[in-house]
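These features come from TrEMBL:
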- 1-22: compositional bias 'Basic residues' (COMPBIAS)
- 28-57: compositional bias 'Basic and acidic residues' (COMPBIAS)
- 67-98: compositional bias 'Basic and acidic residues' (COMPBIAS)
- 354-367: compositional bias 'Low complexity' (COMPBIAS)
- 369-380: compositional bias 'Polar residues' (COMPBIAS)
- 381-397: compositional bias 'Low complexity' (COMPBIAS)
- 1-104: region 'Disordered' (REGION)
- 341-397: region 'Disordered' (REGION)
- 118-140: transmembrane segment (TRANSMEM)
Amino acid sequence: MSRKMDRKRAQMKKQRQHRHQTQIKNHQQAERTEQRRRNERENRERNERRQEELRRQEQRKKKLQAKKAEEKERILQKKAQERARKNEEKEERRIQKESKKRIRKMRFRKATRTLRKVLKVVLSISAVVAAVFCIIYFGFKLNSVEMKGNEIYTQQELTDYIFKDGKNKNTFVFWLKAKTGMGKVEIPFLDKYDVKMKSPSKLQISVYEKSLIGYVEKDGIYIYFDRDGVIEKLATEKIKGIPNVVGIEINNPKLYEKFEVKDEDVYDLLLTVSQAIQKYNFNVKKIEITEDGQASIYIKKVKIEFGKGRDLNEKMIDLSDMIDGGLLKYKGTLNMKSLSTDGSGYTLKENETKTSSQSESESVDSTNQDETQNNSNPVSNEATNEATNEETTAVER
């Protein structure tokens, strides 16, 4: 029984193996068939692609040939157009050349006619210019000069300076230069000057001199300077109405240059005082600058001491009021070193022979400007009354 079972199992095993081998063979056969089909399909597709590529190459070849033919045709047309254009340009140049010849001939004839006209005009103008030049040169000879407005410099000094080069001896030319400002003579000691032609041989020159505000005497030479400290004149004679400056020394004075002093503060103080004097039109005889930098001025017989020059403008206003109030009737020294701001006025010390018991003082009010201001300050009114009334002057002996 067991043998039968074993034989049966063995037989079934063989059958299974046979079926398995059969399946493997069938599968392999199917794979080979499928592979063969794929190969055929690939070969067919490859052939189709090759044929398609051949067709495309053929089409490109035809297109290239057509393009070459078109390009050749275009080149031929272009050459033909170029030849035609060159022929046209050649013909046009020939026409232009002939036209230019005609135009040149016409222009030459026109230029000849114009030149003749221009020559006639130029000759006419030249004749007129020559006539005018002769009239100006021979008819406007400067014979006399009338100076107007000169107070410090003489007419001869001004004439010599203006006509020092000898080139301005023609009345019309000098007048024209003065009016236009071209080539006008610059005179350092004048602010400006105006020229008026009175006649073909006579000029009137109105000068505006720079104001001289002081002079310093050195070695018999009077050194005059203006408000800017520029030396304007070196003279051996005094000029009336210009104050003498003492207390400073000018070394190496040069005309039309600023003078130099050792102390710049003294220099500034001198110019400030001189400008203030000129501003208020005081008739000052002398300006004194001390070594310690204090300024004094002399008007008639009164010496006014300003000290260091502080508040100078206000002091000048006070001094002007006092002069209007009769200050110059006295003689002595007026102390204005400190500005009077409280209405107490300034002290005038009269000049007398010195003794041990002598002393004199007088109060002069600086605020004597109008009645309203006087009424507002009784002390100031009282001081003003003392300054303007000789009989009430307090003198102690």
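Along the chain as shown, residues are numbered 1 onward.
Quick reminder: no glycine exception, Cβ is built from N, Cα and C everywhere.
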**Item:** Composition by DSSP (helix, strand, coil) of residues within the compositional bias 'Basic and acidic residues' (67-98)
**Value:** 32 helix, 0 strand, 0 coil
**Message:** Using Cβ atoms and a strict cutoff of less than 8 Å, what residues sit near the compositional bias 'Basic and acidic residues' (28-57) while being 6 or more residues removed from its termini?
**Reply:** none
